[in-house]
Amino acid sequence: MKDALSLSGLPFMKMHGAGNDFVVIDQRGRKSIVSAALARALGDRHRGVGFDQLCTIDDDAGADARLVFWNADGTVAGACGNATRCVARHLMDETGRNRLELRTERGLLTAEDAGGGLTRVNMGPPQLDWAAIPLARAVDTLHLPLPGNPVAVGMGNPHCVFFVEDAEAVDVAGLGRKAEHDPLFPERTNVEFASVLGSDRLRMRVWERGTGITLACGSGICAAAVAAARRSLTGRQVTVEVDGGTLSVDWRDDGVWLTGPTAHVFDGVLSPAFLAAHA
Ligand SMILES: N[C@@H](CCC[C@H](N)C(=O)O)C(=O)O
């Protein structure tokens, strides 16, 4: 006996935050059929839909919803700032509310309407030591023993932030892939290359763990801002220019707030044949 999804297909939404793009599957009220194999197939930009991350929305008794994030390689990530902001905007539009609590592996995150069409999320306090990030070696996270002297920051997922003279000149793919797989990071890492443009402005390019180069990475933007403030290169409020646009970060006592644009681009339905082929 076939269930409803295998007969009618699986609805999804396509969204992005500053070009960091997502397939979002709202599975509230029903069982999840998402697997690593389905995520990988769906993430294929030629044979699937294509995304930087797949995000599922589930019911949660103690929050407005629960979110899970999958990278294009089928791995699950503990945090995704931009997908959290996109889904928050969708749920705020749906409910007419301007503040929500969203459960993620990182914990309960508060998202708010920031006015002017922008959406902000509190990504929580940064994780600044190896025990919390969680990575392997007991070394100083402010000065990693790697060429380029990067900073490690956890935002619910691992980040390795390099400060460079000119982010435009960096071989993001080559150096990003290398650092992602450095033995210092047993769970691999996201990799950011940031240039300081002023005491409240960064330019950043990013290599995302499990996905590759993306136009923006919300948790990476937070990590770069935290790293810059820890190195006294900027204050705790910065705007960050990424390839997909400009976002702002405010590192407050209650956590790192990320603000930026979101877009709901189109809705679609995955065919029963696609689901059957990648079950
Ligand atoms: N795009 C993201 C981060 C997604 C997860 C990351 N690739 C990981 O594996 O940790 C964001 O907006 O934060």
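Yeah, the Cβs are placed from backbone N, Cα and C, and that goes for glycine too.
On a predicted model such as this, the values are computed, not experimentally measured, just so you know.
Going through ASN98, ASN157 against TrEMBL, the one listed in the substrate site together with ASN20, GLN53, ASN71, GLY81, ASN82, ASN190, GLU208, ARG209, GLY218, SER219 turns out to be ASN157.
Here the Cβ of SER219 (substrate binding site) has 32 other Cβ atoms within 10 Å, regardless of which shown protein chain they belong to.
Of all the binding-site residues listed here (ASN71, ASN82), it is ASN71 whose C-beta has the fewest other C-beta atoms within 10 angstroms. For the substrate site, the Cβ centre of ASN20, GLN53, ASN71, GLY81, ASN82, ASN157, ASN190, GLU208, ARG209, GLY218, SER219 serves as reference, and the other residues of the chain with Cβ at most 8 Å from it are ASP52, PHE69, ALA77, ALA79, CYS80, ALA83, THR211, THR214, CYS217, GLY220.
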